[in-house]
Amino acid sequence: MGAYRADDDYDYLFKLVLIGDSGVGKSNLLSRFTRNEFSIESKSTIGVEFATRSVHVDEKIIKAQLWDTAGQERYRAITSAYYRGAVGALLVYDITRHITFENVERWLKELRDHTDANVVIMLVGNKADLRHLRAVPTEEARSFSERENMFFMETSALDATNVEQAFTHVLTQIYRVMSRKALDGTGDPMSLPKGQTIDIGNKDDVTAVKSSGCCSG
C-alpha cells in the first residue's frame with residue numbers, strides 16, 4: 001500500500017450531493033464509499049452530513065466532498081445551501097420501493113432548479129442485493145435515465161456492488177469535461193484555487209461526454 005498523502009493534498013475539489021427519498025440508502029452509500037462501512041441500524045439523517053474521499057483520475061487527485069441530507073420533506077428548508085456549488089449528484093432510489101423511483105422526477109427537478117445546467121448526474125438504483133423484492137425493473141430506470149441525459153447504475157451499499165464505480169464514474173466525467181474545456185481554450189481548471197466553485201461549462205460539454213456511453217446495473 002502506498003503512503004497516504006495529506007488530506008489537503010489534492011488537485012481538484014468537487015462537491016457531489018446525494019438526493020432521493022428517505023430510506024433509500026444514501027447515508028450507507030456515503031459511508032460505504034468513504035469509510036467502507038455499512039450500518040444495518042442506519043437512522044434517518046438529521047439535517048446535513050458530509051464526508052470526503054480522494055480518488056485518482058488520470059494521475060490527478062480528485063477530492064470529493066460528498067453531501068448527504070435526509071429525504072423527509074421537513075428538512076427541505078436547507079435546499080439552496082445544500083445544492084450550492086455542486087457539480088455532480090447521485091440521485092438514489094430503492095429498487096424494492098417503486099414510489100421512491102416515481103419521486104425521482106421531483107428530485108431531479110429540484111436538483112436542476114438549484115444547480116448549473118451541466119451538473120453530472122448518476123441515477124442510482126440501490127439495494128440491488130434484494131433482487132427477490134425488486135419493484136423497479138432495470139430497463140424502466142435505464143430508459144428514464146437515457147431520456148433525462150443521466151448515467152445509471154444499480155448498487156448495493158450492503159455488499160458494496162457498484163458503489164465505488166458509481167462515485168468514481170461521476171468524478172471522472174466531471175474531470176473529463178473540465179479537461180476538454182481546458183484543451184479547447186474555453187476554460188482553465190488548472191488556475192482554479194482549491195475549493196473554488198467549478199463551472200463545468202455548457203450543456204454540450206456534458207452531452208458530448210455522456211454520448212460515449214456508460215453503465216448499467
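Numbering starts at 1 and runs along the chain as it is shown here.
Keep in mind that glycine also has a Cβ here, set from the backbone N, Cα and C atoms.
A quick note: this is a predicted structure, and the numbers were derived from the prediction, not measured.
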Name the residue range among 24-32, 33-41, 42-50 that Swiss-Prot annotates as motif 'Effector region'.
42-50
Per-residue pLDDT averaged over the motif 'Effector region' (42-50), given as an integer:
64
Three-state secondary structure of GLY23 (GTP binding site) from DSSP?
coil
Once the DSSP letters are reduced so that anything not helix or strand counts as coil, what is THR69 (GTP binding site)?
strand
